[in-house]
Amino acid sequence: MRIGDAKQTYEADEAIWTSPTQKFWFALFLLALLVFPLMANAYLLYLGCLVGIAVISTTGLNILTGFTGLISLGQAGFMGVGGYTVAWFSLNTGLPFPVTLLLAGLLAAAVGILVGLPSLRVKGLYLAIATLAASVFLHFIFAEWESVTGGMGGLSLEPAHLFGVTFQSDFRMYFIIVPLAVLMVFAARNVFRTRIGRAFIAIRDRDISAEILGIDLLRYKLMSFALSSFYAGVAGGLFAYFYRVVTPESFPLSMSIFYLAAVIVGGMGNLLGGILGAAFMTLIPEILKLLTAALTPFYPNAPVFMSPMLEIIFGALIVGFLIFEPHGLAEIWHRIRRFFSLWPFRN
Amino acid sequence: MVFMAGLDYFVCGSGHWPDVYDNNNNHNLLVCEAKTERSWLCFLVPGVRGGILSILEISNLSLSFGGVKALQDVSFRVPENTITTVIGPNGAGKTSLFNCISGFYKPQQGTIRYQGEVLAGVKPPARAAMGLARTFQNIALFRGMTVLDNIKLGAHVHMKSGLLSSLAYFGAARREEMAVRREVERHIIDFLEIDHIRRQPVASLSYGLQKRVELARALAMRPKVLMLDEPVAGMNREEKEDMARFILDIREEWDVTVLMVEHDMGMVMDISDHIAVLNFGQVITEGLPADVQNNPEVIKAYLGNSDMDSLRKKLNPQREVA
């Protein structure tokens, strides 16, 4: 049972971490993130980087779809804009990675604002189709604007660099991706402590009354699109540095659906949900593959049966979560937390 | 019964009408004696006031949806610092009128003047910034937010922090958030007695409390004109009394003009300074509560026509011919 956490000031009351216990666990988590690359093998490191990129992009989509209520199937397209921006600038200008990543985010945000323009008029599935169209359009540009994007062959780029340090290995990339992911999740958390975050949620819950209460719908919808695609652009840029090649096929439509699924499975309108969803969606296919490998000594035919089954099991897991935990993985987490903070009482 | 400072004496209840008018020039207190069997009660009620300055002036307003004429040539004015109530049967156009004032509907004809300024062409968010705040008939709270966040949202138009400072939650953005929190806590949450629920999600609250949170959110907009769309609908007697007291206190302490739509005639007659009656999109009459109450047109609109002959004629015109 957590007691005695009365606050003296409003600042303390509105802090992100309101108790020493929370601070302790978070510090431990950060320490784990720091130690992880030192202990992990190449495969785990690779997965760690992928989860980091997915967390950034999912958080972005969560801002747009989960918090502002605007369904978007354009996330892969925005990531593509970021990826190509990073590739082009690092090939043509040799700028260091913080600059190229910022440019990737800003350019993606600009494209996001353009794509978001119909959102004032269309909502729900109609908006999903509008963003889908934008994503197809972007894909077409990636494939056809050969002088800039290199066409179907795409672009290969040099490793990220800063002050003479090059980040050519997964180990080094981890130290760009993960701190950036932590930083960007915190920035998103901050937005939802201020008037802008409240405006987003108000638009999601009741857009008409939000307007009458003084929220300029177009401005805030576009701001949400811009912020969301900025996150996607940075994630796409990291993706480019991580694989060091971008092609039109690096950012397929299924990737947009992947992130939408991550937001929904994790918990719409919940930043922690976005993180959990991103980790779930990235890791479950890998865990299923490991399971298959573990079964092979006992059932030599396991890969033959299991490999087509993987997708089905993955899909079934998603459906299962939607049915049994409609509020997402974040709700499971909250239940566990409630249990410990109320212990020894039940509720 | 709670007697609040700033409010003279007021007891809310239905069934007693203002009887004796003692109109002081300045403060305009009405002495009212209960007419009912509870005549041992003698009340002092804040009474008719304002009169000269109109904060809101509606002239010749017409609004139609296709063939349906929601409002026809509606004209009335809201004197400053009064409680003005719009009454009328269901479908009379009261909420449409509110939506026109909020800027959600665009009337085909007529003008709305607010503090002497014509509102046509001013977008709803700008109207909110000018001091036109409102609550909604079918509670429009944001279910994904706590009570506190809902109320803070009302202060949105008076805040300035941009996206970048919000992302960092540092400096100006942080100070502004804290200032709003302080203001909301000290002036609104305390005043409306909702401090025990400030952390709760609004979806978990009772109907009466949700209405109160909606009022709190409207107050956070720092209104000059507070538009309340059926503030006591669906409430029990005690909740109604609380709400009536809050409305009177708000007018007194916040220096706000209240424009209200309400069906509870007891409350309307008790606390209104000025009443406008709408029926089928037209203003039938306006004036003091007592005048409106005895107006035969109003009685007809509410209770229907008691003249059976004219009703027969209306229902079956052929028989007349035959």
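Quick reminder: no glycine exception, Cβ is built from N, Cα and C everywhere.
TrEMBL annotations:
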- A:24-56: transmembrane segment (TRANSMEM)
- A:63-89: transmembrane segment (TRANSMEM)
- A:95-117: transmembrane segment (TRANSMEM)
- A:124-142: transmembrane segment (TRANSMEM)
- A:171-192: transmembrane segment (TRANSMEM)
- A:222-244: transmembrane segment (TRANSMEM)
- A:256-283: transmembrane segment (TRANSMEM)
- A:304-324: transmembrane segment (TRANSMEM)
Next item on the list: May I ask which of the stretches A:24-56, A:63-89, A:95-117, A:124-142, A:171-192 has the most CB pairs under 8 A with the transmembrane segment (A:256-283)?
Entry: A:63-89
Note to self: Test of understanding: applying the rule of at least three C-beta pairs under 8 Å (pairs 6 or more apart in sequence), is the transmembrane segment (A:124-142) touching the transmembrane segment (A:24-56)?
What the structure shows: no
Item checked: the transmembrane segment (A:95-117) and the transmembrane segment (A:222-244) contact flag, 3+ Cβ pairs under 8 angstroms -> yes
Notebook entry, point to check: Taking residues 6+ outside the transmembrane segment (A:222-244), which of them lie with a CB under 8 Å of any CB in it?
Noted result: 49-50, 52-54, 56-57, 59-61, 63-64, 67-68, 70, 72, 74-75, 78-87, 97, 100-101, 104-113, 115-117, 119, 156-160, 167, 170, 173, 176-177, 180, 184, 188, 191, 196, 200, 203, 250-251
Check: Who are the chain neighbours of the transmembrane segment (A:124-142) in space, where the CB to CB distance is under 8 Å and they lie at least 6 residues beyond its ends?
Finding: 70-74, 76-78, 80-81, 84, 111, 114-115, 118, 149, 247-248, 251, 253, 256
Notebook entry, point to check: What residues in the same chain, six or more past the boundaries of the transmembrane segment (A:304-324), come closer than 8 Å to it by Cβ-Cβ distance?
Noted result: 261, 264-265, 284-285, 288-289, 291-292, 295
